[in-house]
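Data block below; observations after.
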Amino acid sequence: MLSKKQLRLDMKAVANALKKRYFYFDVDHLIELESNRKKNQIETQNLQNLRNMQSKAIGKAKASGEDIKSLLKNVSDLSTKLNLAKSNLQLIQSEIDVIVLSMPNIPHHSVPNGKSEEDNIEVSKWGKLVNYDFDVKDHVDLGAMYGLDFETAVKISGARFSVMTGKIARLHRALTQFMLDRHSEVNGYTEAYVPYLVNTESLIGTGQLPKFEADLFKTYLHGEKGETKTLYLIPTGEVPVTNMMRDMIIKENDLPLKFVTHTPSFRSEAGSYGRYTRGLIRQHQFEKVELVQVVKAQDSYQALEVLTTHAEDILQALELPYRKISLCAGDLGFSATKTYDLEVWLPGQNVYCEISSCSCFEDFQARRLQLRYKNKETNKLELLHTLNGSGLAVGRTLVAVLENHQQADRSIKIPFVLQSYMGGLEVMN
């Protein structure tokens, strides 16, 4: 979340910065709430001081044998007023917290202006688009020949799920193993295995709650004594990995921290009506290899550039043409200050499709998580900066491999870097 101190000092400047991403809030109402909070806080402190003074007076009166009935009544009256003042202060603070938690992050100055994905800027392209001399199929038609089965998934779970068997299941696994090995052995990430169910605090920490609850799958665990515990299926591996460091003070010598994890991701995609949903592109359950970095404030934007190249490295190794997009302010994710999307070319559909989103959050998540380090020079605790990116979305990478490496006879050429994971197989027939 945004700094409350920053809001108090220059609320109008924050409001103007958020207008860049077409987010508006009632500045006057928040100023009024903040004014009331200050008044109630002062009143609470004054009442607390008065009660303490009266309590000390009771002690002195007792010691000298004086009547303390009037003093006891004063303390009782002050306690009643103090409890009321504390209650009012808590209500005001809760209302402020709700507003602040609903505020997105402020875009970095380098982020292009714009309202929607149509205003995003292409930064670069890699790879040549093949001019096929045969009728190109999309991954749904190709996948059906190799064990990709949507009908069985509908029988088991409903729409937007998939079943894979045989060679295509092995190719999906090979992609995952290759990504994990590349990131851990070449790019310097520590592999992490994490829970797929997380609590409310974890999702608040990384910014999915309270704003995006409709996109999450929620579970209820009923205890023997009738109590109910709520857990959510993770929408991305970023959530449990980043929360590993919640409420921690990291040693400066241990920075930067770099983690890679492979998890399923679960999303209701409540807002996807009318968007492309054919095949594996937009599923309720899909797998990703996720990259997370925790760095000092001064290092975060250089880290974003490097993290993005780690995702690009996978695409290049798999010989998949792609483009790098800088998201405009209006298209940024809620917690991000700057984001690069990598979009892979899908010849079977004649479109570029997002396959990785790499973002810097500055201290937005760290403030919620209380993720800090002790600065050796100042000897003060400072918030860290967090970043994450997909390295890559496994299902969409499978789609890209099928469509880009298809041959005229409908066989699939296996990229060289995957062949050792496929038992030496060079072509999938």
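Residue numbering: from 1, along the chain as shown.
Heads up, the Cβ atoms here are built off N, Cα and C, so glycines get one too.
Now, the feature entries from Swiss-Prot:
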- THR236, GLY237, GLU238, GLU290, SER390: L-serine binding site (BINDING)
- ARG267, SER268, GLU269, GLU354, ILE355, SER356, SER357: ATP binding site (BINDING)
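Counting only same-chain residues six or more apart in sequence, the Cβ atoms lying under 8 angstroms from the Cβ of ARG267 (ATP binding site) belong to ASP215, LEU216, PHE217, PRO235, HIS284. Between the CA atoms of GLY237 (L-serine binding site) and GLU354 (ATP binding site) there is a gap of 17 Å, rounded to the nearest whole number. The Cβ neighbour count for SER268 (ATP binding site), using a 10 Å radius over every protein chain in view, is 17. Within 8 Å of the Cβ centroid of the L-serine site, not counting the listed residues THR236, GLY237, GLU238, GLU290, SER390, the chain contributes VAL239, VAL241, THR261, THR263, SER265, LYS288, VAL289, LEU291, VAL292, ASN388, GLY389. Its own atom aside, the Cβ of THR236 (L-serine binding site) has 22 Cβ atoms within 10 angstroms in the protein chains shown.
By the criterion of other Cβ atoms within 10 Å of the residue's own Cβ, the least surrounded of the binding-site residues GLU238, GLU269 is GLU269. Ranking the binding-site residues SER356, SER357, SER390 by C-beta neighbours within 10 Å puts SER356 at the top. Among the listed binding-site residues, namely GLU290, GLU354, the Cβ with the most fellow Cβ atoms inside 10 Å is that of GLU290. Cα-Cα distances to SER356 (ATP binding site) place SER390 within 10 Å, out of the binding-site residues THR236, GLU238, SER390. Across the structure, THR236 (L-serine binding site) and ILE355 (ATP binding site) place their CA atoms 14 angstrom apart.
Cα proximity to ILE355 (ATP binding site) (within 10 Å) is found for the following binding-site residues from GLU238, GLU290, SER390: SER390.
Using Cα positions, the member of the binding-site residues SER268, GLU269, GLU354, SER357 nearest to GLU290 (L-serine binding site) is identified as SER357. Spacing of SER390 (L-serine binding site) relative to GLU269 (ATP binding site) is 18 Å (Cα to Cα, whole number). Annotated pair GLU269 (ATP binding site) and GLU238 (L-serine binding site), C-alpha to C-alpha distance, rounded: 18 Å. A Cα-Cα distance of 17 Å separates SER268 (ATP binding site) from GLU238 (L-serine binding site).
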